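Annotated in Swiss-Prot:
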ACT_SITE  His187  active site, proton donor/acceptor
ACT_SITE  Ser318  active site
BINDING   104-106, 128-131, 138-140, Thr186, Ser319, 324-326  substrate binding site
MOD_RES   Ala2  N-acetylalanine
SITE      Glu331  site 'Important for catalytic activity'
Amino acid sequence: MAVDADSANYRIEHDTMGEVRVPAKALWRAQTQRAVENFPISGRGLERTQIRALGLLKGACAQVNSDLGLLAPEKADAIIAAAAEIADGQHDDQFPIDVFQTGSGTSSNMNTNEVIASIAAKGGVTLHPNDDVNMSQSSNDTFPTATHIAATEAAVAHLIPALQQLHDALAAKALDWHTVVKSGRTHLMDAVPVTLGQEFSGYARQIEAGIERVRACLPRLGELAIGGTAVGTGLNAPDDFGVRVVAVLVAQTGLSELRTAANSFEAQAARDGLVEASGALRTIAVSLTKIANDIRWMGSGPLTGLAEIQLPDLQPGSSIMPGKVNPVLPEAVTQVAAQVIGNDAAIAWGGANGAFELNVYIPMMARNILESFKLLTNVSRLFAQRCIAGLTANVEHLRRLAESSPSIVTPLNSAIGYEEAAAVAKQALKERKTIRQTVIDRGLIGDRLSIEDLDRRLDVLAMAKAEQLDSDRL
């Protein structure tokens, strides 16, 4: 007798809307399958970090429900074990729903509930996805809670250490080059001298400030909606459910930043904590763009650019021009920055469009902010390791450029006056002479300006005040 191909490859599941055909080996069930069929949009699912957070949360909720005598210990143990497998990444392929789905994340919450129930069933424990796994919860508090757990962990465990590594690499270069003098530039035009170390100290401070911004948003980012259930009133959950769940999560993750939401209505109706955190990430993206672009410009050449520094040669740069090497990592940094800024725009739009008791842009906002955390973390580490650490300075070339800049006439203002100094600069530029020689040619050495005073004033390293670089503040 021939075997029906459909019966071999699919099984029938049911929910409150009726029967659904589900792939035979899938751990998900009816509600997940409906969402798979309803939202074949981008081919992009939840971030791995959010799936992990959903697993952590479901396990914590089961523990609390058991502690309160609401859930049988056998069922609680089965949920906790299955949820741990999900958190560890053993079942990522069982989360097929597109990120562009119902705006509350209900589909992904039920996906989690169904997978946990199916894992438990393999161990001989029967669980209902709603009655047991989702006990004392709704999608409206679990999905935002998982989002904030994942974002907080991404910030504390991953992004901040990566930014610290980048800061340290930049600060090391600032110290190494604190006496390497170069021409300053404002408006992309020659300005008075600075040191390469001073420039890099500025970059290091930008990253340090970025770390401070991320840390500053953690008190709001770490607020969790769990316990508010559908609309923030806590209906169908014990009064202290959220507090207990958060305590379990803090113990499991070590994230002391996690806390019960100050106001459960705000925690479900608005996503301001995500918007704020994304704003910090956007600012970091802006900082990285500035730093990467400066480094690209300083490394431009090798013969027709600035050629002030040399970037590590990482890979051939052209499929047609032999020997060409490009600044590939700074280019990757600026592309990441563009993506993060775009993600932030979508997050802001999503945050602005919550309505009454629930924001319904959470899956998109979650995906975007978690992607931004991931991109910034990875590119910051690579930028530090494979670019900044290997930079070298063309010291003599830098000094020649500094000494040839007409702007070094500036310290002569107090001796010969602004207008005469401007005339010196213009003549030096026109005649391709040094400022020193032009001052002498114009007969300006005399009572107001001795040759010794001229040389002292034209010391480009002294102009840069390199001794003011405070290593303790890097």
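Quick reminder: no glycine exception, Cβ is built from N, Cα and C everywhere.
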Closest by Cα to the residue listed as 'active site, proton donor/acceptor', out of the binding-site residues Ser104, Pro129, Asp131, Lys324, Asn326, is Asn326
Quick check for the class: what is the C-alpha distance, in angstrom and rounded, between Thr106 (substrate binding site) and Glu331 (site 'Important for catalytic activity')? 38
Going by Cα-Cα distance, pick out whichever of the binding-site residues Pro129, Asp131, Ser139 is nearest to Glu331 (site 'Important for catalytic activity'). Ser139
Cβ neighbour count (within 10 Å, all chains shown) around Thr106 (substrate binding site): 19
Mind checking which of Ser104, Ser318, Asn326 has the fewest other CB atoms within 10 A of its CB? They're the recorded positions. Ser318
Which same-chain residues, if any, lie at least 6 apart from Ser139 (substrate binding site) yet have Cβ under 8 Å of it: Ser104, Gly105, Thr106, Asn109, Met110
Among the recorded positions listed here, His187, Lys324, which has the most company in the form of other Cβ atoms within 10 Å of its Cβ? Lys324
Those residues of the chain, 6+ apart, with a Cβ under 8 Å from that of Pro129 (substrate binding site): Arg29, Gln31, Met110, Asn113, Glu114, Ile116, Ala117
Could you check which of these binding-site residues, Asp131, Thr186, Lys324, sit within 10 Å of the residue listed as 'active site', going Cα to Cα? Lys324
Lowest local Cβ density (other Cβ within 10 Å) among recorded positions: Asp131, Thr186, Glu331: Thr186
